[in-house]
Structures are given as C-alpha cells and as structure tokens.
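Colleague: Here it is, the structure, as structure tokens.
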Amino acid sequence: PLVLFAVLRRSGLGGSSSCRLSRTESELRCRIPGGKLCSDRGRCECGVCICQVTESGKYYGPLCECHDWVCEIYDGKICAGTCQCGRCKCANSEGNGLVYGKFCECDDRECIDDETEEICTGHGKCYCGNCYCEAGWHGDKCEFQCDITPWEIKKRCTSPDGKICSNRGTCVCGECTCHDVDPTGDWGDIHGDTCECDERNCKAVYDRYSDDFCSGHGQCNCGRCDCKEGWTGKKCEHPHSCPLSVEESAKKCQGNSDLPCSGRGKCECGQCTCFPPGDNRVHGKNCECDDRQCENADGDVCGGHGICSCGRCVCQDGWFGKLCQHSRKCNMTEEESRSLCESADGILCSGKGSCHCGKCICSPQEWYISGDLCECDDRDCDKHDGLICTGNGVCSCGNCECWEGWNGNACEIWLGREYP
C-alpha cells in the first residue's frame, strides 16, 4: 500500500505534466537535511513525498522521516504507549491522563485501591504509580491508619531543627525512614531517630573517590568532623604546618570559581589536585577545565566537528551548537522545519529557543533549558556540594545521567575503581 502524509495544494496527485514545479524545485522540497530524497523510503512527486511502506505505519511524515521503532531505542528505553514519529503517545482510553511520562512509564492506575476504587484510598496523592500518604495513613495505597494521632506522629518525627525527619526521610506512624544514599545497604550516610545525622557533611568534594570522611584526617560524628592532631578546617582539610590560614588556602584554590578547585579537586595549602586522578580531561590551576563537558552520550568530542578547549567546543566552519551538533546547511522549507519544532500545544521550542532545520536551539542565555523541544529545566537536577549532578554527570531533562563509575541521584557516589 501507499501512504501519503502531506497536504496537497492542488487537486489530485497528477503526473509530471501537471506539476508547476521544476524537477530541481520539486526535489528540494522532498530532500531531508542529509540530502536523501524522501529519506530513501519513498518517491517524490511534484514536491510531495509518497512513502513506500510494507507494514502499516512503519514509515510516514512529510519526508517519510518517521519510523515507529525509534521509540523503542530512544535513550535505551521502551515506549509503553504508541510511538508517533519517534515520540511516545500514552494510552489514556478513558481520557483521565493517568498514564504519562516521556516513555509513558508512569501509570497512576497502580495507585487505585481495588476495594474503594479511589486513588490512594482517598488518603494521599499519587505520583508516577506511587502513593504519598497523608499524615496518619500508610501502606502501598494509604489503606492503613496509624494507631496514634497525627499530632503525636508529627511530634515524634520532628527533628531538633523543626523539620519532619530533617527533610531527609519519610515519617510513617511516628517513625522516620531515612533516605539513605548508600547503595551498599549498610548503615549509610543518613541516620538518627529523626534523620538528623548526615555523614555526607563530613565528606569533602574529593572524598567522593574514597570511603574517607573528614579528608581522612578526622572522625565524623553525626555530620561533624572531629579532627586529628595537626589538622583543622570544617572537614579537616587543612594542615597546621601550612603557612596559609584556612581561608587564605581556600581563596587561593577557588580562583574565579564558586568552590575551591571548582568542586573538581582537592585543595591543600592553596594547591589543587584535580580528580579523578589520572584523568587529564579535568585540568587547570583551579581544576576549572572539565573537558568531559565536550562529550556527548556516546563519548564523541564535539560531535567530531570541533575541538574542546577548557570544557567548551570550538566548532569547525559549517557547524554550531554546544557540542557542534548542528549543521548550518538545511534543505528543509521553513514550514517543514517549524512543524518538527512545535510541541503538541503548537508552541515553537516551548517558547524558550529558536528552530533550525527541524531542531530546537535552546536559548544560550538560559543555560539550564534543554530537551528536544527546550521543554526541560536542568535546575531540577539534584545537586551535591553546590554542583548540579555533582559535576560527575550531565543533567538530562531534570535527571542526572552519571558518567562511568558514578552513582546516586546527584552522581555523588563513587563506585568505580579505587584511586591512590
């Protein structure tokens, strides 16, 4: 069968004799940015692609550029709904919007109680298939009521600083379950009756590469360092033998950055040692250069179309973008380009970027805006030590994608090989 996915501005398909376009003009309208006619999946008739398909819905789009299986391999995740031109469309047969997410991975129908048929039994809110219960209720679907009053529950879970479980845990019937970030399942970094102890406060930036607390020169007690003799500083990072004060040392290591050694190294007596050790992609007097920022998800530096200079790509002629990923040449019409840059609500690049050859270029003034349609805010990514994704990964649409060897919501946990 033949599938036609275009709006014809003339009556009928007609033959070449009825076409008012020259062959060059016709083919120009049918070419994709790579130069192929109708993506090599159809034929061009008077500037319109007629897609050749063997299975219904396999190839479609103005330039036959869409193919359903893109959804199955996009970001290595499976589309749990229906794939439409590389994007997931979630199945909400009842129009209730309970299935959602970039890959339709969230199904709030999981929160519906079998007996009451209410979401979270009417005693909580559902997010991505999980119930978050109101005070006094617990259970997978908030179906169980606690045997003490909500006031008593709050009293037992309130930490000395007045926060529920110190904002580091979940209160269930007066007992705090701490959000432990230690993947080993050991005692972990967060503990205490009200999760008031956070051992991460004892770790310097460079300690993330080892099991050391307090720079290896002290003992951590409920998130505070007690230093050994000869060492001082909030994290026992400063030797008494250094002629510089703690403040002078940190200032010298900080340079123009917000953090000593740009949050990517160890500061000792005003000198930075960049981490990971042996990785020459992190360099500079204050470890201010991180050439890992020039790599895409496949590890290609500047997309193969430029060179990396202190964490920034310098693109070759004819290419642009943060990772030199965009070609300045474009064989699309403006209308075709805009159609690929518009979101479902018809807004171009979510109102936060410009469209070039069917791809959104997000505003460079707003560094935190990202996504295929500039729909993501990277400020939503978790931070540690003041750094988004702890500087050990990249933020992808609000979630940290950690580089090899790193783990944790903010890529703050080192699970790779040991360093000397």
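Any Cβ shown, glycine's included, is placed from N, Cα and C.
Below are the features I grabbed from TrEMBL:
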| type | residues | note |
| --- | --- | --- |
| DOMAIN | 29-65 | domain 'Integrin beta epidermal growth factor-like' |
| DOMAIN | 111-142 | domain 'Epidermal growth factor-like' |
| DOMAIN | 294-324 | domain 'Epidermal growth factor-like' |
| DOMAIN | 381-411 | domain 'Epidermal growth factor-like' |
Colleague: Who are the long-range neighbours of the domain 'Epidermal growth factor-like' (111-142) in its own chain, taking Cβ under 8 Å and residues 6 or more past its ends?
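Modeller: Residues 101, 105, 149-150, 153-154, 171-173 contact the domain 'Epidermal growth factor-like' (111-142) from elsewhere in the chain.
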Colleague: Is the domain 'Epidermal growth factor-like' (294-324) packed against any residues at least 6 beyond its ends, judged by a Cβ distance under 8 Å, and which are they?
Modeller: 284, 288, 361, 401
Colleague: Do you know the DSSP helix, strand and coil residue counts for the domain 'Epidermal growth factor-like' (381-411)?
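Modeller: Summed over the domain 'Epidermal growth factor-like' (381-411), the classes give 3 helix, 14 strand, 14 coil.
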Colleague: Please work out the helix, strand and coil residue numbers for the domain 'Epidermal growth factor-like' (294-324) from the DSSP assignment.
Modeller: 4 helix, 12 strand, 15 coil
